[in-house]
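A quick write-up on the structure given underneath.
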Amino acid sequence: MTDAMTRRTRVEPVPRHRAGQPVRHGATATQPSLRFRGRPGAASAPPVRGLRLEIQAARAIAIAAVVVYHFFPHLLPGGYVGVDVFFVISGFLITAHIAKPLTTGGFKFGAFYAKRAWRLLPASMVTLIVTVLLTAVFVPRTLWLDFSEQIVASALYVENWALAANAVDYSALAPDSSIVQHFWSLSTEEQFYALWPLVLWVGARLRYGKRRRNGRSLTPALATALGAVFVLSLAYSIWETAQSPAAYFLTTTRAWEFAAGGLLWLLLQHVRVPDAVAAALGWTGLALIVATVVTFDATTPFPSGTALVPVVGTALVIAGGMPAARWSAAFLFRLPPVQWLGDVSYSLYLWHWPLLVVMPFVIGLQVGDETPLWAKGLVLVLALVIAHASRRLVELPLIAFSAVRMRARRRRYRGVLVLALAGMLVVSVPAASMSWSVHREQAAAATSTERIGAACYGAAAMQPGADCDPVDADDIRPTAVQVQVDDFAEQEGKGCQVAGDDVTVKGCEVGDPDGTTRLAIVGDSHASNYVPALSIIAKEHHWSLTTYLHSGCPLTRAVIAAACDTWKADTLRELEQERYDVVFVAAMSRTPWPAGMVTRADELTEQVRDTAAAGYASTWVRLQQAGSRVVALRDNPDPSIGGVEDVPSCVEQNGTGAECDFPESAGLLDDPVAQAARTTPGVELIDSTSMFCADGTCPSVIGGVVVYRQVQHVTRTYARSMAPFLAPEVVRAVEQTG
């Protein structure tokens, strides 16, 4: 957004062509060539203060949509398209800013980058510095590592890449996911600012070479460059959106939206829009934006081709301008509240999300608890006040200083860039120090059974007859912070669990590589919950154990996603070829069934559960036909369904109290894997529920060990503590082979 939110573009009077007057280069008899200073594409009423009021109004609509979506997503489920409005505005304004000096040969890269940094970075760096302080004071330490890493990524303007690399689903984000998740769009824009001058400069240079100078139209060259970006990026956006949720954050899937704004600017240099048409364009564009905000939701493929709707809508609003026609939308665009909201849009975007994320912790709520309406209202008012102050005290003074003191001063430009880098360091160093403090605690807090005793440590405390005293919070090992940092069950075979679009069949040995009895475990990340225990058992009995793991991709004939289906087919072929003695299978019980159906397992219909179970059974039959014995492992309880969204943070806030426990009836879901095992001849089911729940309650801390991390995954420490109690059933299943 950035410049889309902060630049105010001035317009000059539009000269009209007179009969007999020669037409200037790049013009037609009905539209003369114009000097550009943010000229509207329509015949306009005299602008107030010489400003593009329709662009200010578009900013206001965009920021209102985004903020309402973040605060009350059920009211405007498609409010996220406000970001796309900003992208188009940025493409329009920055193309105009670059094209004019390119025409005369006066464009300076250093000046361009320095001005962008001077205009945009101070406000964002102030926001990030305050965000670091808020995190240190109010946020549980279990979230420090993730938050600090995201803050550093935001300070370096690579937050969108960080979220894409982590396969984050934007529509599934909760406020506790990242305190600066909104910086993904600012990062995308900064990357656009870094590359856009090069794109336009190369386009002009390829067509005209070094000799291109005054008066020669750049339109063909720029149109070619922008058109290529538009077509290629849009095509990639459509393809990648169908493959991965990471497409939402990628610069390459968004570049076409900026190009659309640039192409619009080029078009408006050669086309004059009559008042009546301009009025119709304005209303149509406004209707398209509002329609997407109201009708789009989390299930809408995005950006893909569906983003064309808000992009076209924004382009029509800009093309319509501020026509004099009395029935146009200009009267709405001129309203002082609308213009004010457009003015503060950048600062409001910066501040609203960190304040919304930190508020639950300020008022003492648990991670995942719904923020009450009164608190959201307070945050909204506070965000508006801070945005106004930021505009008056940070943005405007710097803009004024830039206009007076930074004209054609190369040394000043270098100084600005140095200051920008210094600002990034000022944010990154304290954020990184928070991360370091968490890692230091991790190194200091080694796993220990000394203070609790082996007979009551971890899963041992759940065994019949166990006489265990309550565990104090100080005795929890690993600590809740350490659990969040480095207690992942999948690390038992580190680097062996593939994810996302990766279809590599990666078999990893985690047992005795010399063992003659050959076992395998296959499934999604919930199958990895059992790997630490099975690895211990396999090594003790000198069995080979190979893992085949793919996040979000259980081994089933039911269709889930293209990449997952490829991995499943290839993995099944390898399992058939290897002919393992025993194949253990497990999967998350909340896996979406069937393909494209986003839901929770406790809401699945009986028909869907039957379909899911049948998908598992048909796969297992193939393994049995290849000579393998199949052993199904029931999924662990899900604390998020039971009402505890983030167990480590809950434990950090409440210790070992009952606040973090949840009822078995809520957290233990109908598992299609268990259902399939009960109905498939020859398949044995191992149900470990008794190691997680007792007397109708599932504790989050058992025997001094935090049980869950990352919503519903089991910690490696607790999984390893299960080994002695899983061993009898595992040994019996293996010994029955053959």
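Positions of Cβ are set from backbone N, Cα and C atoms, glycine also.
Marked as compositional bias 'Basic and acidic residues' by TrEMBL: 1-15.
Residues annotated as domain 'Acyltransferase 3' in TrEMBL: 54-386.
Taken from TrEMBL, the feature domain 'SGNH' covers 496-728.
Taken from TrEMBL, the feature region 'Disordered' applies to 1-41.
The transmembrane segment annotation in TrEMBL covers 78-99 (among others).
As annotated by TrEMBL, transmembrane segment applies to 120-139 (among others).
Packing against the transmembrane segment (220-239) from elsewhere in the chain are residues 95, 99, 199-200, 202-204, 206-208, 247, 252-256, 258-260, 262-263, 266, 303-305, 307-308: each is 6 or more residues past its ends and has a CB under 8 Å from a CB in it. If you look up TrEMBL, you'll see 220-239 (among others) marked as transmembrane segment.
Taken from TrEMBL, the feature transmembrane segment applies to 245-268 (among others).
Feature annotation from TrEMBL assigns transmembrane segment to 275-296 (among others). Tertiary neighbourhood of the transmembrane segment (275-296): same-chain residues 41-44, 54, 58, 61, 65, 69, 76-82, 85, 302, 306, 309-310, 312-321, 323-325, 327-330, 333, selected by CB-CB distance under 8 Å and a gap of 6+ residues from either end.
Among the features that TrEMBL reports, transmembrane segment is placed at 308-327 (among others). Listed as Cβ neighbours of the transmembrane segment (308-327) (distance under 8 Å, sequence separation of 6 or more from its ends, same chain) are residues 40-45, 47, 52-55, 57-58, 81, 84-85, 87-89, 92, 234, 257, 260-261, 264, 267-268, 273, 275-276, 278-289, 291-293, 333-334.
What TrEMBL records for 348-367 (among others) is transmembrane segment.
When Cβ-Cβ distances below 8 Å are used as the criterion, the transmembrane segment (373-394) is approached by residues 67, 71-72, 122-123, 126-127, 343-344, 346-348, 350-352, 355-356, 359-360, 363 of the same chain, each at least six residues removed from its ends. The annotation transmembrane segment is assigned in TrEMBL to 373-394 (among others).
Residues annotated as transmembrane segment in TrEMBL: 415-436 (among others).
The stretches the transmembrane segment (245-268) and the transmembrane segment (78-99) meet in space: the count of Cβ pairs below 8 angstroms, excluding pairs fewer than 6 apart in sequence, reaches at least three.
As a whole-number mean, the pLDDT of the domain 'SGNH' (496-728) in this prediction is 87. Tertiary neighbourhood of the transmembrane segment (348-367): same-chain residues 1, 5, 63, 66-67, 70-71, 123-124, 127, 130-131, 134-135, 138-140, 143, 175-176, 178-182, 186, 341, 375-376, 378-380, 382-384, 386-387, 390, 644-646, 649-650, 653-654, 659, selected by CB-CB distance under 8 Å and a gap of 6+ residues from either end.
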